[in-house]
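Peer 1: Questions regarding the structure given below will be posed in turn.
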2 protein chains.
Amino acid sequence: MSITAPKGFRAAGVTAGLKASGKPDLALVVNDGPARAAAAVFTSNRVAAAPVHWSREVVKDGRVDAVILNSGGANACTGPQGFQNTHTTAEKTAAALGVSATDIFVCSTGLIGEQLPMDKIVAGIGAAAAGLSDDGGAAAAVAIMTTDSVSKQSLFTGADAEGNPFIIGGMAKGAGMLAPGLATMLVVITTDADVRPEMLDVVLRDATRVTFDRADSDGCMSTNDTVVLLASGASGVVPSAGEFGAGLTQVCADLARQLIGDAEGASHDIAIRTFNAASERDAEIVSRAVARSNLFKAAIFGKDPNWGRVLSAVGTTDAAFEADALNVTMNGIQICRNGSIGDDRRLVDLEPREVLVEIDLQAGNAEATIWTNDLTHDYVQENSAYSS
Amino acid sequence: MSITAPKGFRAAGVTAGLKASGKPDLALVVNDGPARAAAAVFTSNRVAAAPVHWSREVVKDGRVDAVILNSGGANACTGPQGFQNTHTTAEKTAAALGVSATDIFVCSTGLIGEQLPMDKIVAGIGAAAAGLSDDGGAAAAVAIMTTDSVSKQSLFTGADAEGNPFIIGGMAKGAGMLAPGLATMLVVITTDADVRPEMLDVVLRDATRVTFDRADSDGCMSTNDTVVLLASGASGVVPSAGEFGAGLTQVCADLARQLIGDAEGASHDIAIRTFNAASERDAEIVSRAVARSNLFKAAIFGKDPNWGRVLSAVGTTDAAFEADALNVTMNGIQICRNGSIGDDRRLVDLEPREVLVEIDLQAGNAEATIWTNDLTHDYVQENSAYSS
């Protein structure tokens, strides 16, 4: 169950000494082909990290030979020196693998505004290249962790119309998401299916739009968020866009759910489903407005089914609805009916970690779900007690 | 120093028994004229409380005889019964004062989604009318408090071009703001200047735009926020729009600053000033994006001058700037220069309650300041431990 499960990939995770904790901090993923097709999506933050600028250029031709990731510093807001350090990272990795630096995709995560210790990075690249193995996926998933409490991996086995199997493997780090992001989210997805870069790009954007883009733990967008998808073609199987996209979406949804489940300091994972909306866009903005209400999130932490805070967030949007036609259900109890008092709020059980809030706009047939977390003492503690 | 300082006003604050605490919960402000000019601004939340719907209609003709305010329940999301209760409140107040119900402005604040105990309200109205006095402003300011730890009042004495004096008095409640709002913000401002309703409306909108609208404690918008301005004309002084507007803006700014200073659970009051922006709109959205970043707000609570969290918030906006031309100064220390590492962050002293963050976009000459608070354990506690 890892990025090395599909044929044609090797990986490694090593300790380069970037972290004070002494934990693994450098991962390398290599596509041995025969194909080296790739696509990627990046943070939409205009203050993007040096590796984001670099990797955007690398993936433009649809070819990536390897991904090098460090979890000891974001290399964001580091000026020309920071970009030079990303360039050097790519060159040293390329030299170790005997490929071109322009085919090396670079990711970084950690504190913003600090230069990376390049001597340690360079030494670590040598160790990672030497340690590459076809079961190195799990070690790589550990080496990209920052505030994560567990590593995150996912696996999907699919088949084309004739039943020929292909595999998609994924790993993720970060209690965050693509855009916005709590902390930097880095995701590497591999497949042995034979898929051209153009199709990879289309299905990756489709999949991330309804998975990572709808995980909104704390509304903050990172400078480094990246999802990269590599296809080796080693299975020789050529699935249709539908066959491949379905599997890819499943892997992305699984990883996004794992990110929400491990979000910094959270005690509840909250699915906010808006339905009977006039459009999917309306459903998404309503769910996101609720997901970003600190008052709502603090209430869920306190196990208080405070539907007034749901309605006051819904009311800030321009979605189509009438205020006196809103229904809100929390974990199955309809506590708000037609914009007013519904069933007894004391019937709502908010003890379980997973919470389902359903908002009925009575304005159409579209729906969307945003995943978020509650606002807790531990969130404040983790994000105030030290720089991250 | 209160709403009864201007000539022509009486007020009262009484205990109607709406609050479990037994604290004062009903306030009445009466304009004895000779003029009864008025203007008001309201929450832009589409889920607006019953008193907001009522009072919007009342003020449309530019005349308000009295304002009745309760702090024992928001009367929001309460359906037709809630609107009927507001109507009854206006009628009973009008009867006690011998005026028309359509000239009675009603405000409510407290928990959303509960019906008001009308027997207590009606009895309280009688007591408030009986207790009206020309030094009742301070008692009224106390009776509108909910989670406020102190009452908020402001006073301004101005003069027309010939030196004839007029007075503006104000009171406010809520650790919140007009739009958005942390908790319901209610503001009553009185003046004995002789100002027509049309001019009151213009200067009130101008004043709130740069004061209450730029106080953004936690990004949450209330269903009840209201600012109402009453002019008695009792001084006989007719100031110009400029003379009156300057005083009104000063009173609004003073009250807004008091609201931020008393925000729920806050340990820092943070002014986020964006300057050298291409437009005032750009400056405002940049400052507001930073004000709404939970990661930034938690860092300030932790006294951590984490400028990376400032830049990542700036990067989410569409304001005109280049990422490598951003400067950030915190309490006088320029910790980010040209989008990269500036002076030593350890030089920044975040011990004082007041924090000044200055963001230089290097893109023009406009500026704007948003006031916000830090994200603290006490904020989470106050908003999770009980319904509010």
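Just so you know, glycine gets a Cβ as well, placed from its N, Cα and C.
So TrEMBL lists the following for this protein:
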type	residues	note
ACT_SITE	A:Thr184	active site, nucleophile
BINDING	A:Thr146, A:Lys173, A:Thr184, A:Glu264, A:Asn383, A:Ser388	substrate binding site
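Are these features on the surface or tucked inside, and what touches them?
Peer 2: Residue density at A:Thr184 (active site, nucleophile): 29 other Cβ atoms are found within 10 A of its Cβ, drawing on all protein chains shown.
In the three-state DSSP classification, A:Thr146 (substrate binding site) falls within coil.
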Peer 1: I need the CA-to-CA distance for A:Thr184 (active site, nucleophile) versus A:Glu264 (substrate binding site), whole Å please.
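Peer 2: Taking the Cα atoms only, A:Thr184 (active site, nucleophile) lies 12 Å from A:Glu264 (substrate binding site).
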Peer 1: Going by Cβ pairs closer than 8 Å, show me which of the recorded positions A:Thr146, A:Lys173, A:Thr184, A:Glu264, A:Asn383 neighbour chain B.
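Peer 2: Listed in sequence order, the recorded positions near chain B are A:Asn383.
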Peer 1: Under DSSP, is A:Glu264 (substrate binding site) helix, strand or coil?
Peer 2: coil
Peer 1: Which residue, of the binding-site residues A:Thr146, A:Glu264, A:Asn383, has its CB surrounded by the fewest other CB atoms within 10 A?
Peer 2: A:Thr146
